[in-house]
Structures are given as structure tokens and as C-alpha cells.
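Features as listed in Swiss-Prot:
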BINDING   GLY165, ARG166, SER167, SER190  NADP(+) binding site
Amino acid sequence: MTATLIDGNALSKTLRAQAAERAAALAARGHRPGLAVILVGDNPASEVYVRNKIKACEDNGFFSLKDRYPATLSEPELLARIDELNRDPKIHGILVQLPLPAHIDSHKVIEAIAPEKDVDGFHVANAGALLTGKPLFRPCTPYGVMKMFEAYKIPLQGANAVVIGRSNIVGKPMALLLLEAGATVTICHSKTRELAAHTRAADIVVAAVGKRNVLTADMVKPGATVIDVGMNRNDEGKLCGDVDFAGVSQVAGHITPVPGGVGPMTITMLLVNTIEAAERAAAAA
């Protein structure tokens, strides 16, 4: 059996078209959605991510603002800029690209963003509200994964789901969203004993640890849905995920590729969150 491919590029295209329609409707009422992206330093991977985010905004009718600063930028200067953006009515979403230079406290920076403009969903107010099932914003990557389940009609209610990874950005919010959807969720991580015993019993496995081949074919229940959030490089320098795709795709029922799976969805859900922020602001105006 070969798994059905969950195509993140195709689904993203559909969702971005819907976002562009909503953006056009808002713009017609004088509320064009606006996203500000802040990049500090010259991390090459961060530069690529920021470029992709800005392009997605431009391609779909959003106003975008890119603030680029040298790695020597002080924390007070960055906080002052965030304060300005918080008060700017043209900006509905603020995103600070992580990681930040060592002398800047990323936690303090994220907390400085107004919760209603925290389109990454990282602010403590939004992270906490996720526990109650009523966040202003869901973190983009887990939100994108949930849209994949929806589009491919993957049943979540009553399903056994394993999330490998416990980061605040993916692992923990992913587990909460699956729980909210009615799945029975197990979170596994570097200290988990016998990872395979958990994954073999799972209907759904989400791998999000940033480690190659953390999930192999012998660890997967036949017909399971496997979501690969990992971003790594193989020995030839090619992009790969956390899952041994060649092997697991022969066992799983559905699987996401890397690249072309979860990655495009993350930026798409950033657009969706920004649209939602703009719609709220327009309703309150």
C-alpha cells in the first residue's frame, strides 16, 4: 500500500485564494489587511522565511511592512518599535522572526506585541486562551495541520494521536488542538521510553522534533496518518523532514511530504490569522 499524499502546496493555493478574496472585501471598505515583519540580524534561514512571508502578502492583496535591523539592535529599541506598530491602525499583525540575537529576550519581545496583533499566536494571552479553546489566534503550523486533516477528511474524534515534540511553537499547541477535536493525545519527546510502542498504536502521528528519521516504517500502524513538521537536510544537502518518507509512505494511509507539505501551510495560516485580525479591527471601527 502506498500512502495518499497530503499536498500542502495545492491546499495552500485554495486557502490563499480565499484569503485574497477576504482581503479584497476588506480593502474595498478601507481596511486593507496589514502585516509587519521584523527581522533582526542576518540569519540566512530567517531571511528566506521573511522573504516568503512578504511575498505571500504581496501576492494576495495584503499591505506588508518589513523592518530589517542589524544584530546590534538593542532590546529597548526593538520594544519601542513594537510599541509603535501596536498603535499603527494600518498594521493588523506583527511578527518578530525568531531566533533573535542572544542579547535580546525573545519572551519579553513576544509579550510586548499586542495580543490582538499577535498573529503567530505566541503571546501568553493567546497561548493561555488556547487551553480554554478560545484563542484569538491559533499558532500557524498546528493550525495549518488541522486544516490538512479537515481537507483530507481524516477522522479525529476518538482517534489515538501521538505528537512527537513538545515545543511551544508546534508540539504543545498541536496536542491541544487535537484534544479539542476529540482525539486521545499522547505527547512524546526526547525522554520518552519506547517511542515506537506509542507510535505503533496511533491512528495519527505528528512528528515535530527537527531530527531526521525519528519515525521509520516499523514504528507506524498500517493506514495511519503521518504529518511531518520537521525541516532538516540529508547527507546530500537536500531538504527532508523528521520521517523516513520512502519507508513510511509504504505503510501509512496518508502522509505529508517535505518539502511541499506543512511548510506552505504555515505561511498560509499566517495570512488567515492576519485577515481575522483585520476583520476584528474593521468590526470595531
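Placed from the backbone N, Cα and C atoms, the Cβ positions cover glycine too.
Residues ILE164, GLY171, ILE187, HIS189, ALA208, VAL209 surround the recorded NADP(+) site, their Cβ atoms falling within 8 Å of the Cβ centroid of GLY165, ARG166, SER167, SER190, which are themselves excluded.
Within the same chain, residues at least 6 positions away in sequence whose Cβ sits under 8 Å from that of ARG166 (NADP(+) binding site) are LYS172, ILE187, HIS189.
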